[in-house]
Amino acid sequence: MGSTGRALLRAVIMGPPGSGKGTVSSRIIKHFALKHLSSGDLLRDNMNKGTEIGVLAKTFIDQGKLIPDDVMTRLALHELKNLAHYSWLLDGFPRTVPQAEALDKVYQIDTVIDLNVPFEVIKQRLTSRWIHPSSGRVYNTEFNPPQKIGIDDITGEPLIQREDDKPETVTKRLKAYEAQTKLVLEYYRNKGVLETFSGTETNTIWPQVYAFLQTKLPDISQKEAVTP
């Protein structure tokens, strides 16, 4: 198929933490012949292998600093070189306008999939986890709530929330995401490649994303199995 000259798709997926971006990405990969490039995985991989750029990135992370644009860009572009003959889906990059501009110099982005889930819904989702410290039992106020709010079913001891799951932490993360990506979404909107998919849960968003991508790429999963 290599030489048929079928266009390759250059796509980016964006969405706040808790928007179901991981789930949607894995479904996209299952249905369409796209390589998924997650900047988080790429970073971890490079840090574990101790590559030059991995060591560099780690110095920023260890200091609690954001990794500079040029380091992230080098990391992503270096990896994309290996994927030249594939359609791909970028996840977690670009996060800033300078990153998006650097990417544009090398590749033409065809489509940016933006998952638009209301902050209140995400907040509820991300703050629903409660833990019983001594046993490690985990409760979820949405899926498996304790019989009595804030109390462990078995011992009757109080439940706690991890720092990451507390409303104020979650709000801070969501605000930071919004502040950082607003300009990137604007940048792609102005280029006419931004596709926004709205909903409160992945199962309502996914069919929209799927229908849209079907206009761009064939569904490969159909060949393997008739069931979706």
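If you go along the chain as it appears here, the first residue is 1 and each next one adds 1.
For all residues, glycine too, the Cβ spot is worked out from N, Cα and C.
TrEMBL: automatically predicted annotations, no manual curation.
Taken from TrEMBL as is:
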- Gly18, Ser19, Gly20, Lys21, Gly22, Thr23, Arg129, Val138, Tyr139, Thr202: GTP binding site (BINDING)
- Ser39, Arg44, Lys65, Leu66, Ile67, Gly92, Phe93, Pro94, Arg95, Gln99, Arg162, Arg173: AMP binding site (BINDING)
- 129-164: domain 'Adenylate kinase active site lid' (DOMAIN)
- 38-67: region 'NMPbind' (REGION)
- 128-165: region 'LID' (REGION)
Across the domain 'Adenylate kinase active site lid' (129-164), average pLDDT on the 0 to 100 scale: 95
Candidate binding-site residues Gly18, Gly20, Gly22, pick with smallest Cα gap to Arg162 (AMP binding site): Gly18
CB contacts for Gly22 (GTP binding site) [other CB atoms within 10 A, all chains]: 17
Site diameter for GTP, Å, by largest Cα distance between Gly18, Ser19, Gly20, Lys21, Gly22, Thr23, Arg129, Val138, Tyr139, Thr202: 23
For Tyr139 (GTP binding site), nearby residues of its own chain (Cβ under 8 Å, 6 or more apart in sequence): Arg129, Trp130, Ile131, His132, Pro145, Pro146, Leu159
Number of Cβ atoms other than its own within 10 Å, given for Lys65 (AMP binding site): 9
Largest separation between Cα atoms (Å) of residues that the record links to AMP, namely Ser39, Arg44, Lys65, Leu66, Ile67, Gly92, Phe93, Pro94, Arg95, Gln99, Arg162, Arg173: 32
Among Arg95, Arg129, Arg162, the one of these binding-site residues whose Cβ has the fewest neighbouring Cβ atoms within 10 Å: Arg162
Surrounding CB atoms that lie within 10 Å of the CB of Gly20 (GTP binding site), all protein chains: 20
Surrounding CB atoms that lie within 10 Å of the CB of Phe93 (AMP binding site), all protein chains: 24
Spatial neighbour of Phe93 (AMP binding site) that is closest, considering only the binding-site residues Gly18, Gly20, Gly22 and their CA atoms: Gly22
Ser39 (AMP binding site) versus Gly22 (GTP binding site) - Cα distance in angstrom: 12
